[in-house]
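Inspection log for the structure reproduced underneath, given as structure tokens.
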């Protein structure tokens, strides 16, 4: 499905600010995998997602989806395979366009966009049905500007837009981090049900260790540009947050500042 | 007064072009000053060389689209700042326009132009010509409304609204940017071609300062008539172009001379940009607030 081989990424190479964000990272995701990614700030989690989505070029290594390399594919072309929800609730939607227009844009993911009407009766009925599953009442506000929605509503909509065309891979970049606890819980629950419904292969970065343990069938921990821990479904089911922290401390051989990880 | 209305409606086409870049794409495109003249120059030279006026007018529009394309390529592929990319094309067009025309002024007085039938029938300067120009402007307005609501048009709107988001949905924003600049400058050049035929000559300096006229039309029009939907926003742009011409008309009537008009344009744009920010004017109900109050839209102030 998704195969990452020996990816390396260095920011500002050759300057005093040189920083290795990813150091020889390899990772394989099987179809239907739901992998949660944790790690302290600067561990390379977001960079990994940016590599997969094509937002930043890869220095070395290879990246392939369904067996073909997408390393040289620009971000907009890779979007045909990769759906993404950003941390910033404002980032995933166009605020001046209506809910139905945003959904129409997402519906054409990876396809040619021609001179057919963006919002048709048929599409509108489909959007209404999809929005119904969010249980936020947005199905009655199809013509409302997205800029009028709350952060949680916008993030739920972003999630729907990233996933309802069933991309090969869904990337979630701390998509609940900017929301208040209640909204975050709502979006987390939605994430669970949407991934389940479409059997999406998902990579979710989170700062919340409890969430990382609760969701998905696999967990990886990153530190200083490397994957230092890979937990399978069986072991993950019995793991607790203290277990994770202990594991981290053991691997690094150093005591750990909890707050750096718990965010 | 009638002439001011006619001119306003014709310049409305140019203002619609500026609306596409300035509001939809969120791109301040200065190519306009050059591409307007290019449209006029190409149409005038072709008409003088015996090409039928409708064809010459279309060729003028197409040449403007090419100018927009150049600005778009400089901005996207060349990663040159948007303002500078526009200025570069505009300055280069000055020389190109002179090459096309061969001299700085091309009279069209005895040529067969699109305006000849109107003039022969004695319709210019009357209600009929205002109606005809109004219909022409509205046809283009509705074409833009339709275009912006297609899959492609929505992706253009999103390019100006949230580029990162629309790229993550699979749109090559370089292409949408270039396409919009081409369409916008095509409309501006079409307007240039029509104005040259209306006034009976093309002049190499006819486009100078035109971007301000376009911006004034867009900003003033949308301040007066609102911009809540595309339908309303594009209509407001044509309204703004007419208001602008009427302001010029009354300014001239008040004894100012034509050379003062650039100053008037600049002041009008500054006023339209600054006045809505001043507190005491916020309390004066404008047309659009009264309408939205009537519509009972409580969310309106939040929306803007």
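Just so you know, glycine gets a Cβ as well, placed from its N, Cα and C.
The transmembrane segment annotation in TrEMBL covers B:7-25 (among others).
Residues or ranges marked as transmembrane segment in TrEMBL: B:55-75 (among others).
If one looks beyond the transmembrane segment (B:82-101) by at least 6 residues along the same chain, the residues whose Cβ comes under 8 Å of a Cβ in the stretch are 27-35, 37-38, 41-42, 44-45, 67, 70-71, 74-75, 202, 204. Per TrEMBL, the feature transmembrane segment maps to B:82-101 (among others).
Residues 2-3, 5-6, 9-10, 12-13, 16, 19-20, 115, 187, 230, 234-235, 237-238 of the same chain, all 6+ positions outside the transmembrane segment (B:121-144), place their C-beta atoms under 8 angstroms from a C-beta of that stretch. Feature annotation from TrEMBL assigns transmembrane segment to B:121-144 (among others).
Positions annotated as transmembrane segment by TrEMBL: B:177-198 (among others).
Residues 11-12, 14-15, 17-19, 22-23, 29-30, 32-37, 40-41, 94, 97-98, 101, 104-105, 188, 192, 195-196, 232-233, 235-241, 243-244, 262, 265-266, 268-269, 272-273, 275-276, 286-288 of the same chain sit 6 or more residues outside the transmembrane segment (B:204-225) yet have a Cβ under 8 Å from a Cβ within it. Taken from TrEMBL, the feature transmembrane segment covers B:204-225 (among others).
Here TrEMBL flags B:230-251 (among others) as transmembrane segment.
According to TrEMBL, the transmembrane segment annotation covers B:263-281 (among others).
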- prompt: List, by number or range, the same-chain residues at least 6 past the transmembrane segment (B:55-75) whose CB is under 8 A from its CB atoms?
  reply: 27, 29, 31, 34-36, 38-44, 46-47, 81-82, 85-86, 88-89, 93, 114, 177-190, 192-194, 197
